[in-house]
């Protein structure tokens, strides 16, 4: 892979990571409700799910999955249902802003696992990666190293972007003056979770 091809993929990866989706919403809500440490656990979970998708694409299962309507539909509805459930939980969340008490109700391990599931149950992610990676793979060069470079680039970029979303959420938290504002913010993010879930449910297999 040439440096020019890598820069082209880097730009593509940045644009894709910046696009608001379930991962960004999950990171911001976790940062708001559980603080920066909770957000770090969530980001680690998102990258674990993304890494699993990348490995599946690298061994060829991504292409097989993208051609299976049944597998796509099963994962799609599981992901949509999970996001809508998260949205309902977020909508009903209390307006508390005491991060110490919140940390005791949901451990960082739970936040990590939740984030892994958010990414794993997004079939559009693995289908998109299966279509995107081959566009930047040079067949005359060793493919394994190229897949590793693309995968590491994807994860590093997404980590940086998600840290940005978590930081943005912390900035928003500075403007929250009481439980009523926090409750309203939880309803907004809960609605966004449900919206993304509905959009995922409406996705069609290519």
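Quick reminder: no glycine exception, Cβ is built from N, Cα and C everywhere.
As annotated in Swiss-Prot, transmembrane segment covers the listed stretch 117-137 rather than the other ranges in 96-116, 117-137. Contact counts against the transmembrane segment (148-168), taken as Cβ pairs under 8 Å, peak for 5-25 among the stretches 5-25, 68-88, 117-137, 182-202. If you look at the transmembrane segment (68-88), the same-chain residues 6 or more away from its ends with a CB under 8 A from one of its CBs are 22, 26, 114, 117-118, 121-123, 127, 190-198, 200-201, 203, 205. Sequence-distant contacts of the transmembrane segment (5-25), counting only residues of its own chain at least 6 positions beyond either end whose CB sits under 8 Å from a CB of the stretch, comprise 46, 79, 83, 115, 118-119, 122, 132, 136, 138, 149-150, 153-154, 157-158, 160-162, 165, 189, 192-193, 196-197, 200.
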